[in-house]
Amino acid sequence: MNYQWYPGHMTKAKRAMQEDIRLIDLIIELVDARMPLGSRNPDIDSLGKQKARLVLLNKADLADPAVNREWIGWFEKQGVKALEINAQTGQGMKQIQNAVREVCSLKIERDRKRGIRNRPVRAMVAGIPNVGKSTFINSFAGKACTRTGNRPGVTKGKQWIRLNKELELLDTPGILWPKFEDQQVGMHLAFIGSMNDEIIVMEELALSLIEFMREYYPHSLMERYGCEGGSEPVQVLEAAAMRRGCIKKGGETDLSRASSLIMEDFRSGRLGRVSLERPPVHADGIGENEARNGAQAPENARTEKSQMQEEGVIK
């Protein structure tokens, strides 16, 4: 299956972002902690290369904590301030104001020398669809000041939110980029729900996810669906259908419904804390696309698989 989604409204949103860039001092970029590099829109780099940057690894509770720490270190080596957060629960939110002061210190000092007082930092909140931008703003502001939802592209229109005398936020629609050079990135974006599920063959997507989990997190599949170690993806899907009661009239398993439930299990964290990628080993001085292609699968999952092979649980 070819993973690609770039509806017309995203072109319009990108043009609006190009216009709005001149109004801001800082880009607060939300990424999905399960795939921090693959969920970065490279267009944001090109549009905002002269702006200060703060990267927030949202949904950190869904990703492997050790891998999260690796990513924070990786971004620091690239000269980018990064924090782990969970916008849903508020985890890590208290660190953000100080981080904004840190990354915008030159701007703040320049204003002070010019005698400009009480001018807030103006920040654009950017990210791909369904990464949690509006939920982040609601949590950060302490009230439901923007419209939120769990469907890609739900935020529309220009929305400025003044949090306090130091910071104003501009919420932006989630946009992807026109072409995924690496189809694995596209597949992983579909895993996390950043593409429209209506254009996805859900059974194919679920089988691809099972294949990934079978390779790197086999124990999670066994625990959740009661399948045997070494089961083929379609066997895991059948086991999940039986376990979750996805049975049609006549006793046939409803694989379509089971596929949707498996994707929901993954997206909600019921399959455990799963990281889809780890930092590239050699990323210094290389471009964004090269870094994407160099991102690795999670090593801790390889260790889990190796241990299970040694114990004879799987072959």
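Glycine is treated like the rest: Cβ placed from N, Cα and C.
All TrEMBL annotations are machine predictions without curation.
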Same-site GTP binder from Gly8, Gly38, Gly90, Gly174, given that TrEMBL records Asn58, Lys59, Ala60, Asp61, Asn130, Val131, Gly132, Lys133, Ser134, Thr135 = Gly174
DSSP three-state assignment for Ala60 (GTP binding site) = helix
Per-residue Cβ crowding (10 Å cut-off), top of binding-site residues Asn58, Asn130, Ser134 = Asn58
Take the Cβ of Gly132 (GTP binding site) and count every other Cβ within 10 Å, whichever protein chain it belongs to.
-> 23
